[in-house]
Amino acid sequence: MSSYDVAVIGSGPGGYVAAIRCAQLGMKTAIIEKYNTLGGTCLNVGCIPSKALLDSSHHYEDAIKHFDEHGIEVGDVKFNLEKMIARKQGVVDMTTKGIEFLMGKNKIDVYQGVGSFIDATHIQIDGEKKETIEAKNTIVATGSKPSTLPFITLDKERIITSTEALKLKEVPKHMIVIGGGVIGLELGQVYKRLGAEVTVVEYMDRLIAGMDSAQSKEIQKALKKQKMKFALSHAVTAVERNGDEITVKATNNKKNAEVEFKGDYVLVAVGRHAYTEGLNLEAVGIPTDKRGKIEVNEHLQTNVSNIYAIGDVIKGAMLAHKAEEEGVFVAETLAGQKPHINYNLIPGVVYTWPEVASVGKTEEQLKEAGVVYKSGQFPMRALGRSRASGDIDGFVKILADKTTDEVLGVHMVGARVADLISEGVTAMEFRASAEDIARMSHAHPTYAEAVKEAALAATEDRPLHI
Ligand code: FAD
């Protein structure tokens, strides 16, 4: 039987990063993955394929809607969905192969099969063959699966999750998206650009409910301009399929009225739940909370001292970069170091166009906590860069402590804000004041100038270009 210092169960961004960092720190490491490609949800059916389709559909939309205003005449533009999906798969394959390479480079043994606990130091792997390995420590990184509502039967043909939406064979005529969160908006926008009518039905009274409400309003306004439809404050009560027709029934909570939406595809994007099936947690006595997540302490250690858990399978934001930070954190903890994660500074991003990005506290959170703050906001439309590219929707908003000027939150909507949010993270990590950002030179013309201007607005209400 092979013995390891560390076994990692699950090869998503949490698991594979944990394995690499363990190996870097000199631990003999194994990684166990039940599928035959590495990379987990993120690389196979999450972050990477969704961004590939967002990019392809964005190019198409530019060609049919925006090339003309730039003076580019291309005639009759068509897309080939099969080719687009095949390209997406090519990007996924290249990326997952990259993880295989990294495992080899770091001398990490890869086992393909379902890993389940025999006891606290032995794991059975059920793959093409059955084998058992011994591990002094185990990191559980088994991730999550799409959630549904109790009364919805996912047939995976027309009543689908994000996984199926990434490989449709036709563009829906009318896609009803249940859930106005990140995944619903991103995939809704892909199919809207390709010609589908898209209606987003959301229970809350705003989109992307966890972010600053100004962002919710701005992204809704921008997506409405792109002809996406929204039914907010609607509680879905039933989803029925009759042949190719789908009926979504909902209660309009504002009007207390029953409504129906008819379409040919329903994308159920109501969140994801932790995945622990097959792990045999009972054998080691590790509890899960009422949402099915593995309980861990501040060291991400379960109640069994040599078993840790990270990523989507534990509490916190279900994001790839959060899982990665936790992977590094546990590896360094095992090596006797004292790592730290600032969960307040894990950025959140929606990769629609315009993009939405956020870090730190929202205005709602600051108000609730009774923090006295000031706010500076700058519209993208006032930037030369935005006018040059034609991407004028959005803003940057900086929230800072009223007394100390320390930046407490940065919230953005606009072109390339998924990349711009790093400036907010860096500033907050170094506990910058709004004035610190305001006094830094930002290249002209860039979208980043909106960050400087918002910081100027937050400092003494002295933006230069508005
Ligand atoms: P996962 O990536 O879910 O990996 C878990 C792995 O464990 C899987 O490969 C699974 O097969 C394996 N496994 C499970 N049980 C066992 C077992 N018993 N034995 C062996 N293997 C097992 N996040 C972002 O940060 N940015 C994005 O842009 C983004 N876009 C997304 C788009 C979509 C459509 C979706 C669905 C998700 C997106 N996410 C995004 C979320 C992101 O994918 C997850 O937060 C991330 O993958 C979590 O990583 P993880 O390592 O915890 O688990």
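Cβ from N, Cα, C; glycine included.
Now, the feature entries from TrEMBL:
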type	residues	note
BINDING	LYS51, GLY115, THR142, GLY143, SER144, ASP312, MET318, LEU319, ALA320, HIS321	FAD binding site
BINDING	GLY179, GLY180, GLY181, VAL182, ILE183, GLY184, LEU185, GLU186, GLU202, GLY271	NAD(+) binding site
DISULFID	CYS42-CYS47	disulfide bond
DOMAIN	4-327	domain 'FAD/NAD(P)-binding'
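Positions of the features from TrEMBL, shown on the structure.
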residue	record	Cβ contacts under 8 Å, 6 or more apart
CYS42	disulfide bond	GLY12, PRO13, ILE48, ALA320, ALA323
CYS47	disulfide bond	ALA320
LYS51	FAD binding site	TYR351
THR142	FAD binding site	ILE9, GLY10, ALA274, TYR275, THR276, LEU279, VAL313
SER144	FAD binding site	THR41, ARG272, HIS273, ALA274, TYR275, ASP312, VAL313, MET318
GLY179	NAD(+) binding site	VAL200, VAL201, GLU202, VAL268, ALA269, VAL270, GLY271
GLY181	NAD(+) binding site	LEU207, ILE208, ALA209, ALA269, VAL270, GLY271
ILE183	NAD(+) binding site	SER50, SER162, ALA269
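DSSP gives GLU202 (NAD(+) binding site) a coil state; it is part of no helix or strand. According to DSSP, SER144 (FAD binding site) sits within a strand segment. Among the binding-site residues GLY179, GLY181, LEU185, GLU202, no residue is identified whose Cβ is positioned under 6 Å from ligand 1. Proximity of LEU185 (NAD(+) binding site) to non-local residues of its own chain (separation of 6 or more, Cβ distance below 8 Å) is seen for VAL177, VAL200, LEU207, ILE208, ILE219, LEU223, VAL350, THR352, given in sequence order. According to DSSP, CYS42 (disulfide bond) sits within a helical segment. Pairwise Cα distances among LYS51, GLY115, THR142, GLY143, SER144, ASP312, MET318, LEU319, ALA320, HIS321, which the record gives as the binders of FAD, peak at 30 Å. When Cβ atoms from all protein chains are considered, those within 10 Å of ALA320 (FAD binding site) total 21, not counting its own.
Spread of the NAD(+) binding residues is 14 Å (greatest Cα-Cα distance among GLY179, GLY180, GLY181, VAL182, ILE183, GLY184, LEU185, GLU186, GLU202, GLY271). Mapped onto three states, the DSSP output places LEU185 (NAD(+) binding site) in helix.
In the three-state DSSP assignment, the secondary structure recorded for MET318 (FAD binding site) is coil.
Note on the domain 'FAD/NAD(P)-binding' (4-327): its mean pLDDT in the predicted model is 97.
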